Structures are given as C-alpha cells and as structure tokens.
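Participant: Take this structure, written in structure tokens, and hold onto it; I'll ask about it next.
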Amino acid sequence: MKREWAPSGRQSVVSSEAAGTSGRSNQLLESRASVPTAVTATPSAEMPQHSTGDKPLISMPQLVFPGLPSGTDSECDHTPSSRRVSLSAPLSQPLCQPEKRGPQAAQEVCYVAAGQPGEACGWRAFAPACLQAFNTPQGFLLFLCVASFLQGMTVNGFINTVITSIERRYDLHSYQSGLIASSYDVAACLCLTFVSYFGGQGHKPRWLGWGVLVMGTGSLVFALPHFTAGHYEVQVDEVVGTCWANHSSTCRDGTSGLSSYRLVFMLGQFLHGVGATPLYTLGVTYLDENVKSSYSPVYIATFYTAAILGPAAGYLVGGALLNIYTDISQQTELTTESPLWVGAWWVGFLGAGAAAFLVAVPILGYPRQLPGSQRYVVMKASETYQLKNSSHKVTSNPDFGKTIRDLPLSIWLLLKNPTFILLCLAGATEATLIAGMSTFGPKFIESQFSLSASEAATLFGYLVVPAGGGGTFLGGFFVNKFKLRGSGIIKFCLLCTLVSLLASFIFLMHCPGVPMAGVTAGYNRSLLPEGHLELMAACNTHCGCQTEHYSPVCGSDGLMYYSPCYAGCLEVAVSGPGGQKVSVAAERLRGGGWGPAASSGNQRCCCAPQVYRDCSCIPQNFSSGFGHATAGKCTSTCQRKPLLLVFIFVVIVFTFLSSIPALTATLRCVCDQQRSFALGIQWIVVRTLGSIPGPIAFGWVIDKACLLWQDQCGQQGSCFVYQNSTMSWYLLIAGVGYKVLGSIFFAIACFLYKSPLGSSDGLEPSLPSQSSASDNPSDLQEAPSALRIQSDI
C-alpha cells in the first residue's frame, strides 16, 4: 500500500481490488457514504488521491495504516471478514485495523486530526490567541537564536575579553584562569549524557527554557565577586622603566584572599555549561523534527550563525566596557594604558543574565511539538542509516529510551553505527583546530605582524566573524540548494576538508620578525648567535635594569628594545595639559610624579604615546639628533601580510562550511528516537577529544617557538617574543595533521554509509510527501481535515 498526502487538507481513502478500479471505488465512497459497504484491504491496495474537484471526507478523524520502517512503501495485510469495518460505522473507528504480527511486524503510522490542545503556545492554561502567531518553526528559531547569541556572547566573548582583567583584579595565575575557562566544558561533558538522553524523550522546549534560566543564573554568579570583594584600591607606585644608577626592585608577595574568588568564577562557568547543554543538542533536534527535511540545514545553520555572531558582539561590547573603570562611581589616576587598569568587566555579565531570563520565558511556552510537525517524521526516516532488523526492532519500540535501563543499549546501538562514530571523530579533529586557532589565532597574528594584543584581537575578529558566520550559514544553504542527503552530505564535508587542507599550506610562509636587541639581533645591529640572549650591553650596564619590567620600545634605528631601561634612555617626553611637551628627567620620575598631572589627585594621566630621549644604546643620527625611542613595538613592513590574511580567511571559511552539513549527516545516520542522545554523545566526543585538549596541544606547540620568556622573580612566566618561522612551521604540522585525519574519517564514513532503500545517489529523492504536503504549518490548523503522522521510528 502506498501512502500519499493530499494537498490543501484533502484526505486519501483506501480502495480494494474487490471493489474494482481506484476511480470507481472513490466514486462509491463519495456517492454512497450512507450505504453499508464492506471494504477489504489487500496487499496491493492503493490510496488514490482526490482530484481538485472532489469533495473530501472531512469528518474522518483517524486512519491507521501499517507502514514499513523505511518510511516509503508499506502494505496492509488482508483483513479477515471478522474484522471488516462498515462505512456506516462511527468514523472514529479505523477503516483498516492493524494485525498483531509478532516480532517482525512493521511499525504503524497513525494519521490523526490536527489542532490538538496540547500544541498551543502558552504556559499551561494561559495560551492567548495572540501568541499562536509565534507557534511556528520561524518563531521558535527566533528565540533560540537569541539564546545561542547570548551564550556565544557570554562564554566565548565576554570571558575571553575580561580574563586578563580578572587575573589582575583577583590576583590569579594563568593556570587558574585556565581552570575557570575549562569549567564550562567540564560541566557540559558531565551533563550531556543525562540531558540528551532524558531530554530527548521529554518536553524539549521546557528543557531548553530551564537551561537558559540556569545559564542566566551563571552570568549573575560570575559578576557576584565585584559586589562582594569591595572597591578596587591601587596605589600608583614610582614610575619604572628609564635608566638610573643603583636602581633595584624587590619581589613582593602579592598574595591576597582575593584569589579564592576563582571558585565563584568556576561555579559561574559551570552553570554556563549546564545551561547551554540543551541548546546544541535538544535545540537542534527540535528544529530538525519540526521542519521539512530539506529546510532543516537552513534552520540549523541560522541557529549556529547566531551562536558565532555572539562572540563578535562579546568582543565589541566587552572591549568597550573595559575602557570604563571597574568602580564606576570612583575616580582614578590610572589610564587605560596602565598595567594596573581594571575595566568594568562585570557589566556585560549582568546584562547577559537579565536578557537570558527574559528569553527563557517564551521558550518555556512552546509545545512538545509544533503544529504540522509529525508529517516530516516519515520523510526523515527514509534517510536514516539502514541498521540491522534487530536494531531497528529495538529502536522502533515506543517505550525504548524512557528509562535508565535502556541507556547501555542506546550507547551500544550508537557504537554499532560506523558512520556515526566516524563523523564524531571527524568532528573532534575539526573542533581541535577551531578551539586551538580561536585561542591562539590572535597571538599568531600579533607575532607575525608585530601588532599589539588589542590590534591583533580586532584584526582576528574581522576575519573570524564573516568567515565563520558566513561559512556556517552557507553550509546549510548548499545542502538545501543542491538537495543533498546521506552520502552526498558526507562527500560535501570531505570536499570542504580537502580544500581547507590545501589552503593550510599557507603556513609555509611567514613574516620576518622585527629585530630585537639582545634577543634576535645584537646591539648596534651586531651579529647574535641563534638562541643566545644578550640583553645586557656596555651601553646599559649602569642602569640596573630588571627583566621583570617588560615594556618594549621602538628605537629610531629600527631595532626594538626590551624596555626604555635596556635602551639606556634617561628621560621621557609626554604631552601635558594643552598639548605642550613636558620633559621629565629620570630623577623626577623616581618621585612618582608626571609633571603637572601629579598635582591633582583626581586628574588622569595623559595617554599620548611616550617618547624616550637620550637613549645611550640607540646610535645618534644627524636628522634627529640624540637617539630616541617610542613606546610600543616597531611596525612590521611584511609584504606577505595580505596573502597570509586571505588564505587564513579561506581556511576558516571552509572549516566552518562543513560544520552544519556534518551535523545534518549525524542527524540522518541515526534513528529518530536516538537523535538527541546521539548529538549528546557526539558533543562529549568532540569536547573530550577536540575542544578541551585542542588549546592545550596548540599552546604546547606555540611555546616551542618562544625565544624570550618572562622572568617573575626567578620563575618562568608567559612568552614575550616568538620566532615567527618556527611558529608557522609548527602550526603547519599541527593543522595539516588534523586536516588529514579529518579527511580520512569523512572518506571512510562516506564509504561505509549505507544508502536508504530506493536511493542510489546523494541527492534528495522526490517523495510524495515532500511534493504534496504543504510546508506551512498553518495549513494544518486551518483545514479541518488536516492529517498528522505519528510514528515511532
């Protein structure tokens, strides 16, 4: 028996071979509906579709037909005479009673009337009619995009932007801030199995809504230390940096009780991870279940694009807030250029927390299933990876997956699916590259092009936002445009991975580093053995310089120096009030004053670029007189900068271009009841093998290229200077290695994927349900004879 969906609410009826042709049977059903006539279903019976002029049977609320597991063709066994149904019987009685056939019986697909009360949008009894306009996939996608935008802005934007300020404010070490950042992934890994398994069988919008509430609570907890730690009090000590004799500094113990606040930050991040867990598992499957199969990649791509745009907003908003002093009501002498400056890092978390509470309310009001959604279940079943009959028998059980006892069997069924396992491994390799480059990409750009940290972060943001967001959206668009499915989607992922692999060879190129006196070049441009540091020279031995005070300056001779002290500079000229130049001698600097600005306690220091004069290590020239230096790094004159940026952009685009297709392939290679749980397991694999160790692996690789380490009272700190050629070479090895692994996993997955019955290529077939069923869920609400499919696939 063949199932068809009639357009505009017209309902198909069943004919039998005993009654003659399909047209004749259809005519009898319409003209003699009041005459008791026995209808016997045979294996070859079909469901003819009404013509446009026929009058539909609008009062039939339920039809039950046995269907095949594949969701394509099905048959209804010959019904005995004892079970024949008369047309004069109540229409609530099924026309074709399914027989109990034993273990190998095909699943049933039930057609029931639309418009059930449980599908209204609202909060229990409160479901006003005005809210039903949002009870559509587009409406739900809007609120879900806002939630993912807030998650990306908070976790991947604000956290990365303010982590340095938090370290400075609460006396945290880098490894402690690393623990704060990793608390998010740890929480997600701990909750993914529970949320995806039980949430996948439960009310998904409620799980999502409560998750957003927990995420908002985490943002408020993260901002809590600002209100409980008291005001930020800092005393401006003597200005250190220029050269004077007998200068010395002592290492002071900066230990304070503020470092214990790291536990509060870890709790906030842990709540962020718990709350965001349903978003990328249940949210994705809820979208996939409620839209047409060909539209699902576009919806999911839009959702992930919002999640990628969130960090961009986090960087912009967070960066702007850091220009405001952390204690808004207090005045300070510090400037934003001071190493003691702490911005208003906490404001963004308060706003994100409040916004999360607001967006959670409408999400909690959505029904378990959107109107008109169940007709898409059978469509997606035709794309599901063909498992063995025994496995399909288990997953087709409507009670499967609702208790904790089924958890081991659910995991075993996923482990038996080779396509799913290979897609998880391919996703882990891509996640390693994404996590590693997102963490250390700004550092790479900073070193290659000799930029400041803020300039490098801004430039990297300009690359990632259009490349990542555009690639994510285009990936879903191409899947829909070319009607890809199954093996076709995996081939597309393989193609994107190969293109990004070829583009990764751009790391063979690098920009030569700006020469630095005593590190990569000798003083007065003399030769310096490779790997040999010689910061001290005859021109600065009398200055008593300390390596703890790293403040690079660019000399008038084109060399970069470790600090004004190592350049032998005796005085500094800054812009005073009114723009006039004020020359401050070193002996006056030791008193802590900055000329006229030091007379007023509430006046801020001017922030014009500092120029250091009378630098004994910088050769004099006739054009500028005495040798001088300018605060900051020397500008790079690398001619390869545009080419490097273009190819990095290409790598990012094609890396993100395969993300949504790979996610769609994962949803299509598992059965419907396991899709939420499969995404949860995949996220666990991706995080444990990719996003968590990725930054650690890339950080270890980049540290191998370090030339100059920070010296913190005899202890090694962070890296100050990298060797650009070594960094590019190591990144090439890591990038190409992971891309090759990803290509291998995609290729094997494509080879092992078993196409559904009746489909021999990677293009989406023209199913009757897709051509005749309306794509607008409101059609089912308006038509009284609308049909819905209920399936336990």
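The chain as shown is numbered from 1 upward.
Even glycines carry a Cβ here, placed using N, Cα and C.
TrEMBL annotations: computationally assigned, not manually curated.
Copied straight from TrEMBL:
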| type | residues | note |
| --- | --- | --- |
| DOMAIN | 140-754 | domain 'Major facilitator superfamily (MFS) profile' |
| DOMAIN | 533-580 | domain 'Kazal-like' |
| REGION | 1-99 | region 'Disordered' |
| REGION | 760-793 | region 'Disordered' |
| TRANSMEM | 140-159 | transmembrane segment |
| TRANSMEM | 179-200 | transmembrane segment |
| TRANSMEM | 207-227 | transmembrane segment |
| TRANSMEM | 263-287 | transmembrane segment |
| TRANSMEM | 299-325 | transmembrane segment |
| TRANSMEM | 345-366 | transmembrane segment |
| TRANSMEM | 420-440 | transmembrane segment |
| TRANSMEM | 460-480 | transmembrane segment |
| TRANSMEM | 492-510 | transmembrane segment |
| TRANSMEM | 643-665 | transmembrane segment |
| TRANSMEM | 677-702 | transmembrane segment |
| TRANSMEM | 729-753 | transmembrane segment |
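What does the local environment look like for each feature on the list?
Facilitator: Each residue in the domain 'Major facilitator superfamily (MFS) profile' (140-754) has a pLDDT score, and their mean in this model is 81.
For the domain 'Kazal-like' (533-580), DSSP puts the residue distribution at 6 helix, 10 strand, 32 coil.
With a cut-off of 8 Å between Cβ atoms, the residues of this chain six or more beyond the transmembrane segment (179-200) that come close are 155, 159, 163, 166, 172, 207, 211, 262, 265-267, 269-274, 276-278, 281-282, 285, 401, 407, 410, 673-681, 683-684, 687-688, 691-692.
Long-range neighbours of the transmembrane segment (263-287) within the same chain, counting only residues 6 or more positions beyond its ends whose Cβ lies under 8 Å from a Cβ of the stretch, are 137, 140-141, 144, 147-148, 151, 154-155, 159, 166, 179-181, 183-188, 191-192, 195-196, 199-200, 204-205, 207-208, 210-225, 296, 299-300, 303, 307, 349, 356, 663, 667, 675-676, 679-680, 683.
Tertiary proximity for the transmembrane segment (299-325) is limited to same-chain residues at least six positions away from its ends with a CB under 8 Å from its CB atoms, namely 137, 141, 144-146, 148-154, 156-158, 160-162, 165, 280, 283-284, 287-288, 291, 332, 334, 336, 341-345, 347-348, 454, 457-458, 461, 464-465, 468-469, 472-477, 656, 659-660, 663-664.
Sequence-remote contacts of a segment are chain residues at least 6 beyond its ends whose Cβ falls under 8 Å from one of its Cβ atoms, and for the transmembrane segment (345-366) they are 121-123, 127, 131, 134-135, 140, 143-144, 146-147, 150, 153-154, 158, 161-162, 165-166, 169, 205-206, 208-210, 212-213, 215-220, 222-223, 225-226, 268, 275, 314, 317-318, 321-322, 324, 326.
The list of residues near the transmembrane segment (420-440) in space but at least 6 beyond its ends in sequence, with Cβ under 8 angstroms from a Cβ of it, reads 156, 385, 414, 464, 490, 493, 497, 652, 655-656, 658-659, 662, 665-666, 669-670, 678, 681-682, 685-687, 689-695, 697-699, 702, 734-735, 738-739, 741-742, 745-746, 748-749, 752.
Listed as Cβ neighbours of the transmembrane segment (460-480) (distance under 8 Å, sequence separation of 6 or more from its ends, same chain) are residues 294-295, 297-302, 304-305, 308-309, 311-312, 315-316, 438, 441-442, 445, 489, 492, 496, 645, 648-649, 652-661, 664.
Counting same-chain residues at least six beyond the ends of the transmembrane segment (643-665), those with a Cβ under 8 angstroms from any Cβ of the stretch are 284, 296-297, 300-301, 304, 308, 419, 423, 426-427, 430, 433-434, 437, 448, 459, 463-464, 467-472, 474-476, 478-479, 484, 486, 489-490, 492-493, 496-497, 499-500, 503-504, 506, 509, 511, 679, 735, 749.
With a threshold of 8 Å between CB atoms, the same-chain residues lying at least 6 positions outside the transmembrane segment (729-753) that come near it are 385, 418-419, 422-423, 425-426, 429-430, 432-433, 436, 444, 486-487, 490-491, 493-494, 497-498, 500-501, 504-505, 507-508, 651, 665, 669, 697-698, 701-702, 704-705.
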